[in-house]
Amino acid sequence: MSDPLALAQALLRCPSVTPLDAGAQSVLAEALTAQGFTVTQLPFGDIANFYAKRVGPRSGPHLCFAGHTDVVPPGDAPWSVDAFAGEVHDGVLIGRGACDMKGAIASFVAACAARPDHPGTISLLITGDEEGVATDGTVRVLDWMRQAGEIPDFCVVGEPTNPGRLGEVIKIGRRGSLNATLTVRGRQGHVAYPHRADNPLPRLVAALHALTTTRLDDGMEGFEPSSLQLTTVDVGNPATNVIPEQAQARLNIRFNPLHRGDDLARWLRGIVQDHAPDAVIDIAISGEAFVTDPDRDPRPGASHGIAALRMAIQRITGLSPRLDTGGGTSDARFITHLCPVVEFGLVGATMHQRDEAVAVRDLQDLTGIYEALLDFYLGKDSA
């Protein structure tokens, strides 16, 4: 087995806080080029991206690994070590991006190094725009891949899917996400003279009550019920004797595949306009719900890929991973439109936290899992 630690440390030492790359992708591209990968740089705007590909000596499927080299800021809370030093203490690698997700990238590259004569094709889709607005990253690379005819049979995204132990969870889908801002305007005035003012709050409150008391669905197999949550309600008015001129609320809907984002947007607009006809409604759909169901997805790569990954996890960890759809959004929501996709990476207990960390043993075991996945999926062993 190849050791991923040195590459993981080199990546952590690049302070690649979105949208900065800070040399991270150069480190990665150099490692892949040395293994015989062809690396195509695909910068869009200020974002660094690349697509790397290696074709084996024998025919076989095309397996893609997708990952991001950008990280969130280290935050204001003091770390026990430098967040970008890549230090190992007591068998634990500490640094921003250790589990989300530079460690997983290093493990996959190490797995590729251990399988230089694999059948089929291995590719990597690497972006620097996953933690940001995600407009010049994976979505743009996917457009390029379609035009270039680079269509994988199966893709694994190296997100930290495991809550506490490596091998617990494969993510086979995600809920969709809709954000909305509702603004209701009125006329400011003194509370003692309400007839001279127009209070926007009753209209906004009525709309919010109607939204939050509606049950969107009862859930479906593999997915919890869709959820609408208020995140802010604000009038910008500290005074107790002034009727505000404006009231604003923000909300998020996490929805399962029973809904499409556009349908929920129309529903939301209708409810709000029933109670606040003058409301200004801004809606952004950051991703649709999706699922790569091994029993129902008609694409042949789906069932074979999930079976191969489950066998690889069982071989290295002895665990039988559960298939799950919980959590937030990831770039898998874009990749699903190109090919079957799942997510599997490290333990995510410390992602986005102070002293983000990963056990060195987990890095090594994840490398072993990815090696076994290459064997099972590409044809060295049968899944």
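Cβ from N, Cα, C; glycine included.
Going by Swiss-Prot, these are the annotated features:
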BINDING   His68, Asp100, Glu159  Zn(2+) 1 binding site
ACT_SITE  Asp70  active site
BINDING   Asp100, Glu131, His352  Zn(2+) 2 binding site
ACT_SITE  Glu130  active site, proton acceptor
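Known features from Swiss-Prot, placed on the structure.
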residue : record                : Cβ contacts under 8 Å, 6 or more apart
His68   : Zn(2+) 1 binding site : Met101, Ile126, Thr127, Gly128, Asp129, Glu130, Glu131, Gly137, Thr138, Asp331
Asp70   : active site           : Ser16, Val17, Thr18, Pro19, Leu20, Asp21, Ala24, Thr127, Gly128, Asp129, Glu130, Glu131, Gly132
Asp100  : Zn(2+) 1 binding site : Val71, Glu159, Pro160, Gly348, Met351, His352, Glu356
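Counted within 10 Å of its Cβ, the other Cβ atoms near the residue listed as 'active site, proton acceptor' come to 24, all protein chains included. Minimal Cβ crowding within 10 Å, among the binding-site residues Glu131, Glu159, is found at Glu131. All protein chains included, His352 (Zn(2+) 2 binding site) registers 15 other Cβ atoms within 10 Å of its own Cβ.
Other than the site residues His68, Asp100, Glu159, same-chain residues with C-beta atoms no more than 8 angstroms from the centre of those residues' C-beta atoms, the Zn(2+) 1 site, are Gly67, Met101, Ala104, Glu130, Glu131, Val157, Gly158, Pro160, Ser330, Gly345, Met351.
Same-chain residues with CB within 8 A of the center of the Asp100, Glu131, His352 CB atoms, the Zn(2+) 2 site residues themselves not counted, are Val71, Val72, Gly97, Met101, Met351. The secondary structure of His68 (Zn(2+) 1 binding site), as reduced to three states from DSSP, is extended strand. A helical conformation is recorded for Asp100 (Zn(2+) 1 binding site) in the three-state DSSP classification.
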